[in-house]
Amino acid sequence: MKTRDDYLALDAADPLRGLREQFSLPAGVIYLDGNSLGVLPKATAARVQDVITREWGGDLIKAWNTADWMHLPERVGDKIARLVGAAPGELVVADSTSLNLYKVLAAAIRIAQQDAPQRKLIVSERSNFPTDLYIAESLCQQHGFSLKLVDSVEEIPATLNAELAVLMLTEVNYRTGYKHDMAALTAAAQAAGALTVWDLAHSAGAVPVDLKGANADFAIGCGYKYLNGGPGAPAFVWVHPRHTDSFWQPLSGWMGHAAPFEFTPSYQPAPGIRRYVCGTPSVIGASALECGVDTVLAAEAHGGMAALREKSLALTEAFAALAEARCGEYGVYVVSPREPARRGSQVCLALKSPLQEAGYAVVQALIARGVIGDFRAGDPARLDQVPHILRFGFTPLYIGFVEVWDAVEHLRQVLASGEWQEPRFNTKGAVT
Ligand SMILES: *Cc1c(COP(=O)(O)O)cnc(C)c1O
């Protein structure tokens, strides 16, 4: 049985350890929620200050040219492209994940309508992130399509048939941490004549992604999770070059126009991915996002995403194994896949009866101890199949092995002492 000293030794031998210095982490906190809101990079405050005082304050409207604000979507997009297996000029930063999903799903629907009008089905997972399902629902209503939701990964192959227009999946499931085989599912969907839309919200900066290698059709992702862009950071959108110019996405705003400053009354889309920009870029937000993306790119000098992935898998496996070994007697079990290839950068735990309902309070008690994870509610009618989830994200840029040990020890103490039963841990805030 390993001891805390063994985990200290793992940290001492970790070649990525120095990357943590890029972040401003509060003392006494074990932050296992970078999958929901990444940590503040040290460079961000000064960069945002500079954008505000020098670029905006000093140059005023000239800064669109002098600071090249106009091309922030492409500049930061090219950096993110390096993390997801895309080429420069194929990816832009814009809007939110929800809005970008609207754009690419609408484009996929339009292509399907042109090429295969009999295909009117979009398939996704019932456990996909709700905003993805809501956006798909809306587009289905507009276009007379229907949305079919599967309850397990095993059901997907049977849906890849002559009715399928779009397979829309989040590569790493936000609830369970299950990681789909993007290359295999893309190939299978395309062999069935369908298009694929991949949400990389829990992938970009967390696991190696190879959009071009997988031959994906469309992808979107989030700026404020593993990319450390800050709350409400702009999101990103990628379209395979074979589709980019085939349809002007429905949010045809002036910043995606071929010549916005000619102010012509009719829309002419910019060539390439720029047409996926709608309105004026969020300059301060995109500048902060660039600092966040740079923290991930800093790993390129140490083996890049492959090295981050190796450490992430070691962290998540250690957490899962320790949680089972040290907290199993209190009913803790691991929901996330143990098979490395199928696991993202998070570990989800659940509690067995009689503590099935205690997850929320246990997470609150952990947060009070400085161990920040989060809670995702299950299906109250069938907690056995869809349990309440205690969710812990491991960002290898700033999480170390001894924190894994200490987090599990806190969990053990919370359960052993019963402190989670205190009333203060049992009232719900607006955000869980
Ligand atoms: C976090 C997340 C989002 C967030 O969407 P916003 O538009 O930024 O609110 C969307 N989809 C998935 C799968 C996510 O995990």
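Backbone N, Cα and C define each Cβ position, glycine as well.
Among T159, T186, T244, T280, only T280 appears in TrEMBL as part of the pyridoxal 5'-phosphate site alongside T97, S98, F129, P130, T131, D132, T170, D199, H202, Y224, W254. Residue pair F129 (pyridoxal 5'-phosphate binding site) / K225 (N6-(pyridoxal phosphate)lysine) shows a Cα separation of 14 Å. Within 10 Å of the C-beta atom of T97 (pyridoxal 5'-phosphate binding site) sit 25 other C-beta atoms, taking all shown protein chains into account. Of the recorded residues, W254 (pyridoxal 5'-phosphate binding site) and K225 (N6-(pyridoxal phosphate)lysine) place their C-alpha atoms 29 Å from one another. Largest Cα to Cα distance within the recorded pyridoxal 5'-phosphate binders T97, S98, F129, P130, T131, D132, T170, D199, H202, Y224, W254, T280: about 30 Å as a whole number.
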